[in-house]
């Protein structure tokens, strides 16, 4: 319970300052023997049991707890002096309703008195009588009074005889639905069903029409029977929008009755109190007098003793109606204690001992309101999901309560029982981050189930963390980005062309780890070294750190936001231009996007710190490239148009991709407005002689345009080729730091720096700083051992000149071959790749065209097909979808056209795309996309919208993962991949100045639900998480879950028990039609169909216990 207390000062009574003065005015003819209580049994559990134990301990009374088999670990059992099992073999609720076991425990253990708490047996007269018959005092009213007041119909009759106004209703419990119809005919709707033998909102149903009558009668009866063991109901006229005011009373064995003023319980949900306030705000003093006077009068009418509550409805005209007496202690009794300084449990015990109210200092004239108090019910219900009950690790209603307490109507004190229903803004819940608990859940999940990201080889990450070299204090030195920001893209390009010496682009932050480490390097490790790079490599042309495969892999496998990576690196490296890879009309995806999506993407990228856009197309298809160039240029970025290189311009026998082809294509790109011209040698095919020929021809043709060369070092000739390019007139070449270079990555930065030192191409970079930089990455690379290409590939290979496999793809194909047990057949895969390239017409090979060739190669190896067989049998074979779509024209038009007759054989009558694939796509509706996303996710950024536009499914999975596991990017890489070791202590920085100290303590055994409990110490506090053991669950039978994206699969909205199934297989149903009834926490919920259709299959039976989202039925 969340309780607020405001005190002005005043008298202090029972439990704080005892006044043992017998009033001279008190007179009684009743002879009552005082019998002190030495041992109390509480026939209840949880909070109220603990509350009574505390009062008993304060009074020096020994305590006894009872517990069900399911409650062996509950705190009330531990807080008592003695504890005994009851209801063996029974469900938990039935155990606490088992009177014989409770009486047996009381008699066998010399219990003097039983306190019933609230709920369970607290208003059962047969239980009070059983205690009396056993010679055990019942701390509450006499059995006769419990019977009279517990039966709401009889209590109503007593109120009428006492002259207390009541709501029109039945005089006795109704016995059938017909009587309910007769009552509604007489008084009209709305009416309300109420359980005759209990409260707490259970067994209550408001009915507003004849159509609702039967269903609500059935549900109310069933709830009452389940909660109180008796399904009797009575019917009343329902008062619209009343205030619900209750008066606390105390009576003794001498006929004295006092009231302790009122509580306002108007804020309710489904007739259950949510917020209680004492005293009631803005209550007319005369109305207060009438309420308290009628309460005392009614109590005296029946000879009420001990604590109780008289409840009233107050209509909008200030007229009050008696509704019931709760002959027990209420949940909200504490707010009355706060404003009166009366300990109600102390008073209950003393009254049962035989003391009078005056003896306890409780005379009406001395009881005063002293301040105010508010109690909020913290329940295991999730307001964001319609207050569905929760179990296990729970969501509570605290965010909802915070909205209630800040609501203007609540603050003005003008609430009524419709307050929650009429204020939907109460459900605009501020999302709770709960980042620490989510991270513990993630760590526990990894400890139990292993890495969440796919691992190519079973190698553990290094236990050694990389050490960042010393970094000078102060701001970063100026770099070429300062020129770009100051003078713009055109003058920046001019400054690059005029620069003396060879310039370098560092690919370590992107293409190097894409080629060597499967693109798995995390922002965590990039950020650590970023300040060092900013301070020591400020004269780099650029840092390639974004775009290409890194965009989707960040979300798909690393569970990071790619935009946040860009933002954070930009903040740490303000002086070096950032460069990204843009796949022309495909942006950073593998498909065609509407033109406006590509333009929007470039605009958002530029706003987040991107500077240079390397624009390419996998087929060198000019229309696709020009679209990307225009998008980058319009966003204000530097446009670097990249020609993808294949073949060998130095080989006169290779007649397709000649020197003229590249010069002519460069001419078109320069005319289209590129700032920088790039040669993108994605497979590392540029040999030194070809490098000299190509770059010299381009330099002669375009003397004023900066030339940038990119290559891979697969064959080992990368440094020699880049030096040849530099000598021929290239301005910039791509390198990777030494420990991340070579093989399928870029040539070595250190080698280029050393080889050009003291020459006209001197890079101006200090070789010693390269060594320090390399040392960091050498150790960091060990963290990614499971992804390192050297796990299966021990060197580069000059056969790349024959098969022309791009660097990153070479690594991936090698991994795939080994993971499928085909490591000895990798040579066949490479041979098939070369043949597949010829079959498709000798295409430019870079993502996604390289994947198409690779798919065809694997298809050939898997089916044992040679080039001639594929070409001959093309009209019979079932080709990979990527190959078919390529031949349809979905990627673009290859240089020289599509291969015939292969294309016609494969496509037959399939449609073909002529021209640029994305030209005919309708514009993307970003407003609609944003609206759709906001209906599902909170705190969306413009960057999130863009991620969803590029990769809808990947983004959704990333967001769902983040919602479940929190900001895993805060974890170091070893923890992210394999979790902590038992007894390991570590720190996690959530944000600047907020650090978690965590220690992994233990891993529990497998439970019946297929879960393991993982224990941690978080900031000195014990925490645990339950984690499903996915391997163990494969061997256990579990109920299937409803799939969220399958509309006809209806899942359980909450954990609970199936009470009733209202349809059968084959039934035709309408949207909104009742399907079944679930019961949880003694509340019943009707599950309605969200769609119209036919019931295909029912997966549940009555009395079956379900977890949330368990599949109920399928509708088609």
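A Cβ is built for glycine as well, from the same backbone N, Cα and C atoms used for every other residue.
Those TrEMBL annotations? Automatic predictions, nothing curated.
As the structure is a computational prediction, the values presented were derived from the model and not from experiment.
Record features (TrEMBL):
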- 328: active site (ACT_SITE)
- 152, 236, 271: ATP binding site (BINDING)
- 511, 680, 710, 712: Mn(2+) binding site (BINDING)
- 583, 847: substrate binding site (BINDING)
- 36-425: domain 'Biotin carboxylation' (DOMAIN)
- 156-353: domain 'ATP-grasp' (DOMAIN)
- 502-771: domain 'Pyruvate carboxyltransferase' (DOMAIN)
- 1047-1116: domain 'Lipoyl-binding' (DOMAIN)
- 1082: N6-biotinyllysine (MOD_RES)
CB within-chain contacts under 8 A for residue 236 (ATP binding site), separation at least 6: 167, 168, 169, 170, 191, 192, 194, 323
Local Cβ density at residue 712 (Mn(2+) binding site) - other Cβ atoms counted within 10 Å: 31
Cβ-centroid neighbours of Mn(2+) site 511, 680, 710, 712, 8 Å, sequence order: 507, 681, 682, 711, 734, 746, 807
Lowest local Cβ density (other Cβ within 10 Å) among recorded positions: 328, 680: 680
C-alpha spacing of residue 847 (substrate binding site) relative to residue 511 (Mn(2+) binding site), in angstrom: 13
Cβ-centroid neighbours of ATP site 152, 236, 271, 8 Å, sequence order: 169, 192, 193, 194, 195, 204, 234, 323, 324
Binding-site residues compared (271, 511, 583, 710, 847) - highest count of Cβ atoms within 10 Å: 511
Sequence-distant neighbours of residue 152 (ATP binding site) in its chain (C-beta under 8 A, six or more apart): 194, 195, 196, 197, 234, 323, 324
Integer Cα-Cα distance in angstrom, residue 328 (active site) to residue 271 (ATP binding site): 18
Site diameter for ATP, Å, by largest Cα distance between 152, 236, 271: 16
Inter-residue C-alpha distance, residue 680 (Mn(2+) binding site) and residue 583 (substrate binding site) (nearest angstrom): 12
Rounded Cα separation (Å) that holds between residue 583 (substrate binding site) and residue 712 (Mn(2+) binding site): 18
